[in-house]
Amino acid sequence: MAYTATLKSAIGKLRGCLERAGLGRQGERFAQHGTHTPAGDAPLVLVACSGGRDSLALAALAHIVCGTLGLRCGAMIIDHRMQEGSAGVAAQAASMCVDLGLDPVIVRIVHVNQDGNGPEAAARDARYEAMFDEARACGAQAILLAHTRDDQAETIIMGLMRSGGVDVLDGMRECNNRYDDVMLLRPFLGITRKQTTAICRDLGISWWDDPTNGDNIPQGERLPRDYPLRSRIRHDLMPLLDDIAGGDMAGHLTQYTDIAARDRDYLESKALVAYDSVVTPEETGGSPGCSLDAKAMFSLPAAIRIRVIAMVCANLGIAASIQHIESIECLIVDWHGQGVVSLPSGYQAFRKKHVIRVCQDSGHENR
Ligand SMILES: Nc1ncnc2c1ncn2[C@@H]1O[C@H](COP(=O)(O)OP(=O)(O)OP(=O)(O)O)[C@@H](O)[C@H]1O
């Protein structure tokens, strides 16, 4: 097969991502050209494949790259049973992965609990839970997701719509070790959707277009409001931004994610150290709470102080808004004897002398 420049670039990115994640070449024989069969106990990676163009392109290239590194490469298809014909889409995706040579190819049906956060979030939660279960069950070291540079730009825009904080600027990470036994890898964050389309075409792969993406609705016509937010950003907003900016807004939005990630990691590491010295966990009235040393908090750099407060809220399971966090900060930097700050989940923050307590309402008697 003649490799196009797009194929070569995607292969290079995929290989680099696996190597950075510690999944490099398994022995010298894989340095030689030719086909080598990975050992039966070689590390296994599983491509999360929806049957769409991005994940089928990833499945095809992951099979090639893993073969050259001596890794085993399988696929996992989740059927959410949320659209008519989903079983057929999953079966078709599985059959493509088998034809491409991936092994094992797992299809898993999930039950999606529709909670308050909307169907997409519920589907994602169910999907991730099932993917980690399956990956653990077959001893896989990593799950490969096919998020592209376009997905990354959309994620940043959605983050800005929801929170507006600088922390959304790092987008999704290439390697997420949060689930320490199985890594989540996104090797295609530097690849555009146009390129994954070209890869599928080059390799003769036909893909499924999710109807909720609105690909069948002509450009220039807005998607109905009940389409997923991501689809509306992709279909309606991004072309408009490209037009206004006179260029590639997805490229512009994503070119600093690595720098933003470094900034965020640095600030968070400093905030973690500060947290340990200024926050004392406390149980009040049987529920978790904590006390903060207001004087020590005052001396912290503002960027760290606000993160410490956000960490306090997150650790107590309080879904605090920026207004809540700033009100707690006022107890430190603008203290004039103000009253309690009411927080979600029945929590309150209040200051007495140099101590700020964050506890549930039931803890009042201890004030
Ligand atoms: N049903 C599924 N089964 C397995 N993996 C999935 C499924 N849906 C999504 N994924 C994985 O999560 C990634 C991101 O999902 P998302 O829904 O944002 O992408 P997508 O636009 O559906 O991508 P694709 O073009 O690959 O279908 C996909 O690229 C794929 O790796």
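Each residue, glycine too, has its Cβ placed from N, Cα and C.
Here the structure is a predicted model, which means the values were calculated and not measured.
What TrEMBL lists as domain 'tRNA(Ile)-lysidine/2-thiocytidine synthase N-terminal' is 45-216.
Here Ser50 (ATP binding site) comes close to Ile77, Ile78, Ala93, Ala146, Trp208, Asp210: these same-chain residues lie at least six apart in sequence, with C-beta atoms under 8 angstroms from its C-beta. Feature annotation from TrEMBL assigns ATP binding site to Ser50, Gly51, Gly52, Arg53, Asp54, Ser55.
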Handout entry: Cβ-centroid neighbours of ATP site Ser50, Gly51, Gly52, Arg53, Asp54, Ser55, 8 Å, sequence order
Key = Cys49, Leu56, Ala57, Ala93, Ala146, Trp207, Trp208
Handout entry: DSSP three-state assignment for Gly52 (ATP binding site)
Key = coil
Problem - Proximal but sequence-remote residues of the same chain as Asp54 (ATP binding site) (Cβ under 8 Å, at least 6 apart) - result: Ala146, His147, Thr148, Asp151, Phe188, Arg193, Thr196
Problem - Residue, out of the binding-site residues Gly51, Gly52, whose Cβ gathers the largest set of other Cβ atoms within 10 Å - result: Gly51
